[in-house]
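Engineer: Below you will find the structure I want to go over with you.
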Amino acid sequence: MAHPHLLAERISRLSSALEKGLYERSHAIRLCLLAALSGESVFLLGPPGIAKSLIARRLKFAFQRARAFEYLMTRFSTPEEVFGPLSIQALKDEGRYERLTTGYLPEAEIVFLDEIWKAGPAILNTLLTAINERHFRNGAFEEKIPMRLLVAASNELPEADSSLEALYDRMLIRLWLDKVQDKANFRSMLVSQQDESDNPVPASLQVSDEEYQQWQKDIGAISLPDPVFELIFTLRQQLDNLPNAPYVSDRRWKKAIRLLQASAFFSGRDAVAPIDLILLKDCLWYDAQSLNLMQQQLEILMTGHAWQQQAMLTRLGGIVQRRLQLQQQQSDKTAFTVIKEGGMFSRRPHYTLPPEASASTLTLLLQKPLKLHDMEVIHITFDRSALELWLTKGGEIRGKLNGIGFAQTLNMEVDNAQHLVVRDISLQGTRLALPGAAEDSMPAEIKQQLETLENDWRQQHTRFSEQQHCLFIHSDWLGRIEASLQDVGEQIRQAQQC
């Protein structure tokens, strides 16, 4: 087997070649290529004339030797038009019921069926067997069919509770396409002279039959790590608990996991990663409502849980809470405490300064900076006699903010623990302390916990950086995940700086 990174590069180049001349269809081509390389089916939903059939024709060129079959279904389509006409010779000479399948679906590797829901029951029943078992019953014999990719298309969804639901459930990847939107792309499409029948893929990139068969075995060997399974199970539980969530059969879950394995394999990895789970948004929806619902649920999973974002924020909240508890304990120890001297018949308590406050001018530190008189204040200088008078009789108290300028009036009080508290205009308060009494505002316990959390965040970010090179995931998703991780990192850094 080729080196994983070389294989990933080759598949990327193969996809680029297939996308050439198709505008705003890169994601559809890539997912159809992934389906073809893993033997799955695709349903394309969209209005006529948006290159649905061209996408299917292009996929034939991904392989060195691949035959294609395409057919536009109508209400009058017959099995003979899809699976081949009956052999009159065999019926006449030997009495055998046998179809001539050359050039029809049973001998094609790439199959495109347009307006699929217009097919009759006879076609649908045979098609179900072909998709499920990759076998076709031709008269008395079961013949293996080589189909690698079935692309079915329609401009409408099947009716609910109809006989079409069984076939719809077999379409693993479901893509909703629209006409070209970007102005520049629209112009390029109009003036393009590319022949749609030309093969845009160099022979060196095309997949041989031997490679294809070997890759099917290799895909099955890709592991599903426990953390990734837990994410999948979480998503399943979320969907089960939502009233309008689509029903997802066990069969569809199993086939979807194989698609995730294929995504990992063709991205050069030996295990499914959280990034691969984004593909589930194209596998688990049923209609427009469930498509939006799946987008929302996958975004919650990817930006909140896949790289432990929410778990890290929860841990950070616990660390911050613990830090506040320690700071409160430290605040009680270091706060400037006055001595209560209230008399028996006094309506308000009187206070005196403690013995250590003996200087004529006292500088007291704010345990937390406040904005007072339009100034960020970290300490206040008091005249000792003025402070003693205020403690005894109350009234107005003034102090120099940061020790400079004129003494300014202050909103100050003595709390129940006999600590001096100063408040700003919004009544936010902080206690005052003597210089040298305050200790390090970041306890060693908290500092260590924040460092550990930051290291864990770096590991998660590194994991994401290593996994994000996935051809089959749109770059918009990568941007949202990166933003969610950066938000967590920024909150951790802010906590470290406080």
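A Cβ is built for glycine as well, from the same backbone N, Cα and C atoms used for every other residue.
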Engineer: From the candidates Tyr23, Tyr168, give the one listed by Swiss-Prot for the same ADP site as Gly49, Ile50, Ala51, Lys52, Ser53, Leu54, Glu196.
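Structural biologist: As annotated by Swiss-Prot, Gly49, Ile50, Ala51, Lys52, Ser53, Leu54, Glu196 share the ADP site with Tyr23, chosen from Tyr23, Tyr168.
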Engineer: Out of these binding-site residues, Ile50, Ala51, Leu54, which one has the fewest other C-beta atoms within 10 Å of its own C-beta?
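Structural biologist: Among the binding-site residues Ile50, Ala51, Leu54, the lowest count of other Cβ atoms within 10 Å belongs to Leu54.
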Engineer: Under a criterion of Cβ-Cβ distance under 8 Å and sequence separation of at least 6, what residues of the same chain contact Lys52 (ADP binding site)?
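Structural biologist: Spatial neighbours, sequence-distant, of Lys52 (ADP binding site): Leu44, Gly46, Asp114, Val151, Ala153, Leu177.
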Engineer: What span in Å does the ADP site cover, taken as the longest CA to CA distance among Tyr23, Gly49, Ile50, Ala51, Lys52, Ser53, Leu54, Glu196?
Structural biologist: 14
Engineer: Please state whether DSSP places Ala51 (ADP binding site) in a helix, a strand or coil.
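Structural biologist: DSSP call for Ala51 (ADP binding site): coil, neither helix nor strand.
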Engineer: What are the sequence-distant neighbours of Ser53 (ADP binding site), meaning same chain, six or more residues apart, C-beta distance under 8 angstroms?
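Structural biologist: Looking at Cβ-Cβ distances below 8 Å from Ser53 (ADP binding site), excluding near sequence neighbours, one finds Glu70, Phe112, Asp114, Ala153.
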Engineer: Output, ordered by sequence, the same-chain residues six or more apart from Glu196 (ADP binding site) with a CB under 8 Å from its CB, or 'none'.
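Structural biologist: Long-range Cβ contacts: Gly21, Leu54, Arg57.
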Engineer: Name, in the order they occur in the sequence, the residues of the same chain whose CB lies under 8 A from the CB of Gly49 (ADP binding site) and which sit 6 or more residues away.
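Structural biologist: Long-range Cβ contacts: Lys179.
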Engineer: Have a look around Tyr23 (ADP binding site) and count the other CB atoms within 10 A of its CB, chains all included.
Structural biologist: 18
